[in-house]
């Protein structure tokens, strides 16, 4: 069968092979007698023979590089030496705050060279940067049936396309109808100066927020993988694209640390509430209050329509830009909930800050719904009205992570305002694990109306939507789509504004930045220092005068304590050799047993 085939371009179809072992005359064998390795060797030898030039001067065959070139050590060194430091691209202005999972800094972009190698940077400015195998199953994102019936022309959110600009100023009017994620129309007043943060003039300085995720031990470089919170936040922020969610710009992987660069917001609701409550109480204007709530619910609606729970909504996580655009931030506790059979309780026994935690969570619910976010939104709404948390309880600290204590004091604060629930208000209340604890508590009547009037509230529609957001039964609690359709937002008195600061005759103070904090040690103030660090391999830079390990700096006292502990351990373990690991910033440490 092989003798009849004349195609000699493929060596596997040649009628006859001549194998040359390089040590003399080759051996003639039929293809049936050749192994796969011999066929490949014969093919390679034939290619080398065909590439030899005519004449006696033949070039030696190409020799493969040694295995050392492709080993992980030299490869990692080359990659580390060519990577871009976060300090090379951004100038750190100051330290903002620290949370459970990381520290946040304010920064601005440096004069950056486009020709630099950017292997350690994940650019997210364009939708093309989103990979096809993203963590979010885009095909599984469906809208509810009632939303499709409400607006057949509104298509499903596509993460790979930039968000649609819903706010389009008309030619000759200052008010228009805008369409929310739910498909409902709302009267909104448009200000020509209220274009969002992405449309700044080129002459204006663009600021960024850089979040550095905490490591297991500060000042110690180690490979222990990426935390669950960091994975969730990075994967979700890469996919989500909504005007009322903070936008992720890029991600840096540097010195075994992760840095998330996001758009910067000058204010947050906690700061605004503090401004209105100190030194004397001044209520938030009704139009500003309504506009803030509409934009929060629009962002929450977008998350829930895409099967995502935020699980940590509170005033400190609601940002407001200088243009008056409200943005939901900090998705460290967010997660998908499309699999309703799987419990959401495992591994996340404590979620949502205690003052904004829904009653079903306090009662030990294993399977919870997006209603927990709407309860938190109701608590935020009440705090914006009264300028203090409506349910300000004391959290009982857990002695063990294996069990979650019943937060009796927090639930009592809820009962004092909302009254005691019964089976008529909450039919399946007795099915929760901690129901017996609730049954032992004193009985209270509903005092929300009295609380609202005492806080200075006058709008009855605002009180009605507050009642619906703070329903005990999560099944009866209003969802984000219906909340956007509530008469409180649709009556147009006052109208919802894209710029929540519109009409104010005062300005809120900028966010407080700590420029003399020990943790940043004046990082980013010297451009020459950043350019010099660009030329030095990052893995060998242990003599940094500012002690800037792990990218954005480590407290010198921590390094000194670590060095002292290492010296003490060396003295106790080696007797006469106390200088094995000292004074080098902890670059050489003993392995943990």
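Yeah, the Cβs are placed from backbone N, Cα and C, and that goes for glycine too.
Sequence annotations record features per position, and here Swiss-Prot assigns active site, proton acceptor to 312. Taken from Swiss-Prot, the feature ATP binding site covers 96, 97, 98, 99, 100, 101, 102, 103, 104, 211, and the record attributes it to sequence analysis. Swiss-Prot lists 169-185, 518-536, 573-585 with the feature compositional bias 'Polar residues'. Residues or ranges marked as compositional bias 'Low complexity' by Swiss-Prot: 186-199, 540-551. Look at Swiss-Prot and you will find 90-489 tagged as domain 'Protein kinase', backed by sequence analysis. Per Swiss-Prot, region 'Disordered' is recorded for 161-199, 517-551, 569-593.
All features noted in Swiss-Prot, drawn onto the structure.
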| residue | record | Cβ neighbours (10 Å) |
| --- | --- | --- |
| 96 | ATP binding site | 19 |
| 98 | ATP binding site | 13 |
| 102 | ATP binding site | 23 |
| 104 | ATP binding site | 18 |
| 312 | active site, proton acceptor | 22 |
Between residue 96 (ATP binding site) and the residue listed as 'active site, proton acceptor', what C-alpha distance do you get in Å?
19
Cα-Cα separation of residue 102 (ATP binding site) and residue 312 (active site, proton acceptor), in Å?
15
Taken over the domain 'Protein kinase' (90-489), the model's mean pLDDT:
77
Cα distance (Å, whole number) from residue 312 (active site, proton acceptor) to residue 104 (ATP binding site):
17
To the nearest whole angstrom, what is the C-alpha distance linking residue 98 (ATP binding site) and residue 312 (active site, proton acceptor)?
16
